[in-house]
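Q: I have a structure I would like to understand better, so I am pasting it below and will then ask my questions one at a time.
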Amino acid sequence: SLPHLSISLSRSSFDSLHRLREMENGDERKEQLQEPLITSSSSSSKDDHQAVINGGHDRRVIIKGGDHDEEGGSLWERVWDESKKLWHVAGPSIFSRIASFSMNVITTAFAGHLGDLELASLSVANTVIVGFNFGLLLGMASALETLCGQAFGAKKLHMLGIYMQRSWIVLFLCCFLLLPFYVFATPVLKLLGQPDDVAEQSGWVAIWLIPLHFSFAFVFPVQRFLQSQLKTPIIAWISLVAFVIHVFMSWLLVYVIPMGVVGLCVTLNVSWWILFFGQFGYVAWGGCPDTWTGFSWEAFSGLWEFVKLSAASGVMLCLENWYYRILVLMVGDLPNATIAVDALSVCMTINGWEMMVPLAFFAATGVRVANELGAGNGKAAKFATTVSVTTSTIIGLFFCVVIMAFHDKFAYLFSSSAPVLQAVDKLSWLLAVTILLNSVQPVLSGVAVGSGWQTWVAYINIACYYVVGLPLGIVMGWVFNTGVVGIWAGMIFGGTALQTVVLGIITMRCDWEKEAQKAVLHVQKWSKAGKTELS
């Protein structure tokens, strides 16, 4: 205190003031001891995230974040706010995925006008050769959903560009390792039982699709880079431009300049590279000034850790992607396989269109969970998961009811053959169940990606799909002689349903506060790793 004030105070008043200060200090120490491990303040600004890492044996992470307080506002207000954030990612993602899926459908439709052999060769090359590599590279790129999403939530913005460049390097090298599947496509397809003429033509088509193969290594990372920053509308706009160009080029190179199947391959190559150059052009020319600062040598550091996470992500998604491709191959070996394959193709086409919705929620959930965990907001990540699963399930129920209501009519969109229509009608209930399960399972996988659980989910997929589901489908289809219905039912209930239940239990039992601590420490570790190796 100032000298003239201390002189004027009596001894009793001085003692009273001293005791009052001791009581205030004691209350402050008590409040500090009661401070939770992860706290959230609704009065702070939205971008105010502060992480304090205490050293020593007991390391604690104290997070003071923005307006993520789960207790603030009514339940409906919180659901509405979270739904807006979710649809901000999911809405454009649905459009961009439908546009990409439609490019393949249009290519197949134009090939059908060229002839049966051309249609078969392009379909086989696109489904078997390209599809196999597409699933692996797409899965490996999903590692960015964990890393970029958590780094964006933790405000380590400069690391997003570094992560994207690392992903380009890893996926580009992986493309070279997968190149023999294209070069030796003909013997591979003959080994899989394809007729010689189809295998020869498909092998020739596969060579022309090599540029498409390498485009995946660059398109997938930049898409996830933008998604993690909630910049999905630009992806949708560029997808629209690529789709329009794809339709025009398909018509031009088939009817005006009759290049046949080669023209369709060139169109696919050009369309996918337009996706990359459009998205990267947006990034490089000022669209992401905080997260893209140019090319950096730091991208070449920490590659081994990045490879391990990318490999786990690739295996996780591949095991799901290949599962239904195996279903089609198994049905092809049944007696009277032509009708069965046609009916299953109709169902898989409808399922493929509808899957664009849950796959968009897969991406949106991964982004939301990763952002909140990176910011240290465990409760907000849990709430985002709940809203996403509920929303996707409601949409899945709607499509499930539509399929059951029009079970004997929707096949007319694809065929007028009475045997095919009858077979599709028998499979409609399996299609409805598949759509319902697929409205939940991808969202739970998105939670796993956002949380960095890819390795565990890969093991779960192996057990559910290939240890239980596939053998059960074989037994029900061949041993009990139930045909395509038994194979599909066994693979659904033994594989997809079991995996959904397991992931649901893991998600419900998750300690979100602990996951938030791990995410903050994980982001700091990865952001420092490159600097340590370069120094």
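Quick reminder: no glycine exception, Cβ is built from N, Cα and C everywhere.
Okay, so TrEMBL annotates it like this:
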type	residues	note
REGION	25-51	region 'Disordered'
TRANSMEM	124-147	transmembrane segment
TRANSMEM	168-185	transmembrane segment
TRANSMEM	205-222	transmembrane segment
TRANSMEM	234-255	transmembrane segment
TRANSMEM	261-285	transmembrane segment
TRANSMEM	383-407	transmembrane segment
TRANSMEM	427-449	transmembrane segment
TRANSMEM	456-480	transmembrane segment
TRANSMEM	486-508	transmembrane segment
Q: Between 168-185, 383-407, 486-508, who has the most Cβ pairs under 8 Å to the transmembrane segment (124-147)?
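A: Result: 168-185.
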Q: When each of 168-185, 261-285, 383-407, 456-480, 486-508 is checked against the transmembrane segment (427-449) for Cβ pairs under 8 Å, which one has the most?
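A: Most contacts with the transmembrane segment (427-449): 383-407.
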Q: Which of 168-185, 205-222, 383-407, 486-508 has the most Cβ pairs closer than 8 Å to the transmembrane segment (261-285)?
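A: Result: 205-222.
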Q: Same chain only, please: residues at least 6 beyond the ends of the transmembrane segment (205-222) with a C-beta under 8 Å from a C-beta of the stretch. Say none if there are none.
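A: Apart from its flanks, the transmembrane segment (205-222) reaches 121-122, 125-126, 129-130, 133-134, 137-138, 140-141, 144, 164, 167-168, 171-172, 174-175, 178-179, 181-183, 185, 261-262, 265-266, 268-269, 272-273, 275-276, 279-280, 283.
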